[in-house]
């Protein structure tokens, strides 16, 4: 009997071990399947708009409407915690919430220590289809650098970064009908949508340092890293859902050049170059020549400290659209409306809008 009992125990143990192995393998396979979507960004291919569609984009965007309705209300002093910061935040949210595309707007407010004590910061996150697994993300900062008033003048940071904010608002307006169609998800379309982020507290209050800079982006990157995505997921978070972070900064002066900073996103930089060339050849860019292209192939630029850094360190692919060299008016009182170049901004609006439509297959 003893021998029979031993065999039964051994047989039972063998069965339990086999079941545990099967369950483990099944769970592992489910985990792999559930995480497979995070790799789709690596082989995502854009659509290519034809000449007629490119013409429609050029006709659909309006530099005068952007200037009057989006940009001018932002050309104010708006350092974190200031009355202007509140006004800028309300302006951005109101311009987005009036659109048909049904953006979901979230304000991420938090306190952080600064050289002047604790300050309140508020990031603005505007998302189409938050339930989508993947998002193309456009971002900029809406705060202006704090400078003491000098001879009754204030620093309004036109290129830094009122213009990028206005460009993103104009993109949302000009593409409103097409972006609204992202609601119509079908099996033939990728589970992909668009997110706009307006960071607070990019600028240092005193001297740039790891502690005194990038307040909003540091906070949001950490928050997204600890937020499961899709909701309830155990192995993936909101950063996994970021296909590509396109960060706009120091835009608005004449004749900017944008280097390619990151080998990992070279194919997307190349796409911007191709769109620029296509629009130019169709006569849809103003005051522009290919002898002085915006998107230049002169090697990988030195990494510039900006709001993409906290996300880059956590593995998010980045396309950094910052003028390099910086505009001559950078961090001076002359970074104002008078020194902006409307044709350049209009041209870049067209290029970026085409890029977004192609990425999202719209």
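Start at 1 and count along the chain as shown; that gives each residue its number.
Here the Cβ of each residue, glycine as well, is placed from N, Cα and C on the backbone.
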Residue among 331, 341, 361 sharing the Zn(2+) site, where Swiss-Prot lists 160, 203 as binders: 331
Other CB atoms, at most 10 A from the CB of residue 50 (N-linked glycosylation site): 10
Cβ-centroid neighbourhood (8 Å) of the Zn(2+) site, 160, 203, 331 excluded: 144, 145, 155, 157, 330, 335
Using Cα positions only, nearest of the recorded positions to residue 160 (Zn(2+) binding site) (50, 140, 202, 249): 249
Spatial neighbours of residue 331 (Zn(2+) binding site) that are distant in sequence (at least 6 apart) but have CB under 8 A: 145, 155, 160
